[in-house]
Amino acid sequence: MTASQDFVVKDISLADWGRKELDIAETEMPGLMAAREEFGKSQPLKGARISGSLHMTIQTAVLIETLKVLGAEVRWASCNIFSTQDHAAAAIAATGTPVFAVKGETLEEYWTYTDQIFQWPDGEPSNMILDDGGDATMYILIGARAEAGEDVLSNPQSEEEEVLFAQIKKRMAATPGFFTKQRAAIKGVTEETTTGVNRLYQLQKKGLLPFPAINVNDSVTKSKFDNKYGCKESLVDGVRRGTDVMMAGKVAVVCGYGDVGKGSAQSLAGAGARVKVTEVDPICALQAAMDGFEVVTLDDAASTADIVVTTTGNKDVITIDHMRKMKDMCIVGNIGHFDNEIQVAALRNLKWTNVKPQVDLIEFPDGKRLILLSEGRLLNLGNATGHPSFVMSASFTNQVLGQIELFTRTDAYKNEVYVLPKHLDEKVARLHLDKLGAKLTVLSEEQAAYIGVTPQGPFKSEHYRY
């Protein structure tokens, strides 16, 4: 591991390899490159001190460098212990940007690195958060509540919370008042994923959101592209790299049929698997059925499945009882943000054999084995390299626009959760059309007037679902 005073990466000598892949990724990320072209001279993020917690991949490296081109100072950590691409982290560290990310972190390292993205050399706080899953945001908010005397650290509900709470106590002892000062300095947060957005809406509902937030996840050019088309390519990539199993003809169960579930089901079906879907929402269940998938319960389907993948953002989706029913060598994995979709903790007293990084064989007392990918964490990033650059360009362009909006127009927003306006969503899509050779039809003035829009858009109402 290579560590300096202000970065921690696996091996800084990987920087040259990372830079070569960054150069390729830039050609596949037209939205971010257009943002550099449009905003580079005006420096809208000059003065922004961004704490970023998002998978430290090659694509994220392009995002980081875009934020810097726009004037921001950045400190970065990964939002998942397995998702870092070490050569990407090295490439960013080599430019002088503080990054704290290693593939295969311990939980203690993870929360130490999350703390480090708020530790600036001058001792002053961050003023923006760019988050994926909400861990960076929750670290500051829970810490501030603890400093205010609330009893929020005495009853951890999981191993991860034990480590998180210990890190908060450590920071409170080292820097009294740190969390309260940091919370007050934040102008806003932009949140990448469904899980983190749910956390923000819960805070808003309780009146506990202390700064504005932009829900990047529910931009159409994020959720309908990254969540669907990204998973469509990266899920099967992760299963293949992890297991080398042939999916054609196998029975695969996808738990959940939201945007991630839809992409995952299509991914497995495209590989030739016979896909079944579980759902709690009757609308999503009907969509799955009419897309040609059998809608089942996991109680009924567990015993016949060869592959089971969770996509829900909920907890305890695959229980220990489900796993007891599964056949020998069933592959179990998750593509939702957190590892609690699968009851991995309930497997810890069984026999574990590590096959290779992020692939474990779990043996039950009766001799039956399961193949668990990435210890129940995001398998597309743990076992593979995540979504392709092109689809991440759309997501990350939304992040850049959200950061600019909250940093430059802070007073225009209340302490609530917002989505980017429709015209910016359409702008992000427009920036990606040329790369695919797509040409837009242009409405005449008469046609536009007939449907009540302008020829330049926006073309749909805010509630249109796409």
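Any Cβ shown, glycine's included, is placed from N, Cα and C.
Among Glu26, Glu191, Glu192, the residue that Swiss-Prot places alongside Thr57, Asp132, Lys222, Asp226 at the substrate binding site is Glu192.
Residue pair Glu192 (substrate binding site) / Val260 (NAD(+) binding site) shows a Cα separation of 14 Å. Its own atom aside, the Cβ of Thr195 (NAD(+) binding site) has 20 Cβ atoms within 10 angstroms in the protein chains shown. Residues listed for substrate, Thr57, Asp132, Glu192, Lys222, Asp226, cover a largest CA to CA span of 17 Å. Put simply, Asp132 is the one of the binding-site residues Thr57, Asp132, Asp226 whose Cα lies nearest to the Cα of Thr195 (NAD(+) binding site). A distance of 6 Å separates the Cα atom of Asp132 (substrate binding site) from that of Thr193 (NAD(+) binding site).
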